[in-house]
Amino acid sequence: MADQEAQENPTPAATPAAPPAAPAATPAAPPAAARPKRISHRGRTAGARVSSNQQEGKVEEFEPFMLMPRGPPPLKEFLDIWDVDVLKRPQEINKQGHHTHLYSSDFLIVRRAQEFQIKITFDRPYKPAEDKFAVEFVIGPSPQYSKGTYIPVFPTEDRQSVWRGRIVETSDNVVTMGITTSPECIVGKYMIYIGVVTPYGIRRTRRDPSTDIYILFNPWSPADAVFLDDEEEREECVMNELGIIYHGAYDDVSERAWNYGQFEFGVLDACLFIMDKADMPLSNRGDIIKVTRVASAMLNSRDDDGVLVGNWSGDYTYGVPPTSWTGSVEILLDYAGSRGTPVCYAQCWVYAAVFNTFLRCLGIPGRVVTNFFSAHDNDGNLKMDIILDENGKLDRNRTKDSIWNYHCWNECFMARSDLPPGFGGWQVVDATPQETSDGLFRCGPASVAAVKHGQICYPFDAPFVFAEVNSDVIFYRRQKDGTLEVVKVNPTHVGRMVLTKAVLHDGRRDITDQYKFPEGSPEERRVLEKAEEFGCQREKASLPRGDVEVEIPNLDVRVGDNFDVTLQFKNHSEQRRTADVYITGTVVYYTGVPSAEVVFKTPKIKLDPLQSTDEKVLVRGEDYMHKLVEQANIHFIATGKIKETGQIITAMKVITMHNPKLIVKVTGSPRVSEEMYVSVEFTNQFKFNLENVDLRMEGPGIMPFKHKQYSLIAPGTSITWTETFSPRRAGSTKLIASLDCAALRQVYGETDLTVQQ
């Protein structure tokens, strides 16, 4: 504190002794079990890597300026500190002004680039002309001023550091000090010390964990890289604990509620632990791009023991089925509580929802986005290939590309100082492990504006996101000699619709126009040409427009019902047409991967000139129920060849079965701390037993996660599960419940609740 340069390392942390070196004559490395898990930094760096927010360096209570004689120096005449009050209660100025009053934490939580206040009580009135003191902020085991891990804050204008301080008020022995952190400071948990300068050295307060302070990103501050200049958007994308995740099909959208729970007890510490687990240097944790990029890798477990294990197999014996989760809190607390054991299991919407909790908890505006008919391109082109035989019949063995019925990812809001102007704002980040980026399974941040305008040369992973919303579906006819002929191109199927939750209400918001220009517009053509300049390949075959069309209209079907699939044929020519048609209905995972065929028909269709005709195909519940996989999707593909012209006709439709709902009821007086009751009701309407049924329930701010299992629910039997709860805070919220078992996935229910003070 005498000089900032002298405070580079106020008290270095003790460096552990290096392990003894292996004998020089050792011919081979020891077996894996005998090798040390962590190799010493000795000989490589001057100190260990500073990448833990949990480790603490020792800071001396007295730091002498010179060699001192034995015994304590005479310090009674100098300023002494009796108490430090960081004003951390939810109703006090700091948490209210920094929008952190909802966090269930006993610590002070503030946002960077905005002033907060602390009160310091001395043993006598403070004399600015004589007394010199500073508030010292320390993070990590080896604090250094140059690394941003040690910051002294001075109360006078003539002496300031990277954080600014000022005296707000003086009353007797109490000084109220205002402190404004820098907009680039490290996000994490800091220790606070008060240091007083004496002629002999610096006298500090003792380590007091109760004064620790969390500093977060600040979307309310124009100086912060995450600044979002829209109060309603901030309220939705930072402060809202409840979300809606869209799934199903673009013309039959389903939705489910999710408890992000970013303010729940322990979640903030879990988010900081994720960065510790990633071995992320503390000095990088103020950079929003680096934080989101590391988190994108750490939310999946593929290569770094991250938070969630992905599983699309349908076998969830050793974990929780992805369809069973109702919120992020249990997942994050389990991961942090086990010191980094990955949690089983997740699919794309679970990755996106937990990532959203991470973003909002740290103060980064975030939202979950669903892209309907999402192409997962891994070979650098914009083509999804479907192979037909010479007669127009689908060749399942040679068709390897799959189009996900939907895919969920995240958007976070940030300035992109590394890109040209205009490419900041919403950025795609995706934690679902699909392709590697710089050696790890992660994606983004990719500028949404860059994706829309075809500027896919900009980091990170923009070509992959561009292909997810812009790929063409190419139908090839395979000749007997193995060559492929393009017979149809569908440029509108992929990226059909992009949805996110509306701002401050439960409606949908279509943001497709933020990712792409209207199909067939001149702007879209220019974008595709621009993408080609950067290496994306697309099909340029120019095919004549056929005179026969086929469509499959949407259906609303409940699981277990019999239903008819209708094929609507239209003949636009003035001549008769005959078509040999192949209709395939296949149970598919939501990733588009086929599981089992349930329908195969080969009707011959005769069309009079300028006429239309319908062909109905009956699908019986008994034929598909025992073959259904989770999310209950059947993919119908109709292909055929017009006898007179050789034209290939195609149509595709995903029919999503609708599951029964849970009935959630609340009774009691909806007031803070008043006991209330919630019941979940379900009736087995099917003709088979439901075994090992898992029920879950939670509500942000009112009810922690609850869990119950039923070994058997027989056909026609009803169950009622009742729990008590006492709301912890006032406001509008929801209770969310799910039911899951091997025979029936994705059964949900919810109810709204407004709690009075």
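Note that Cβ sites are derived from N, Cα and C of the backbone, with glycine treated the same way.
What TrEMBL records for this protein:
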REGION    1-58  region 'Disordered'
COMPBIAS  23-34  compositional bias 'Low complexity'
COMPBIAS  35-44  compositional bias 'Basic residues'
DOMAIN    340-433  domain 'Transglutaminase-like'
ACT_SITE  Cys348  active site
ACT_SITE  His407  active site
ACT_SITE  Asp430  active site
BINDING   Asn470, Asp472, Glu519, Glu524  Ca(2+) binding site
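Positions of the features from TrEMBL, shown on the structure.
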residue	record	contacts (Cβ under 8 Å, 6+ apart)
Cys348	active site	Trp404, His407, Cys408, Trp409, Thr432
Asp430	active site	Ser296, Tyr351, Ala352, Trp409, Asn410, Arg442, Cys443, Gly444, Val465
Asn470	Ca(2+) binding site	Ala375, Leu382, Val494, Gly495, Lys516, Leu528, Ala531
Asp472	Ca(2+) binding site	Leu382, Lys383, Met384, Val489, Asn490, Pro491, His493, Val494, Arg538, Glu539
Glu519	Ca(2+) binding site	Pro491, Thr492
Glu524	Ca(2+) binding site	Lys516, Phe517, Pro518
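Mean pLDDT across the domain 'Transglutaminase-like' (340-433) comes to 92 in this model. Of all the Cβ atoms in the protein chains shown, 26 others lie within 10 Å of the Cβ of His407 (active site). Per-class residue totals from DSSP over the domain 'Transglutaminase-like' (340-433), listed helix then strand then coil: 14 helix, 40 strand, 40 coil.
Each residue in Pro491, Thr492, Val494, Gly495, Lys516, Gly520, Leu528 lies on the same chain as Asn470, Asp472, Glu519, Glu524 and has a C-beta within 8 Å of the C-beta centroid of that Ca(2+) site, without being one of the site residues.
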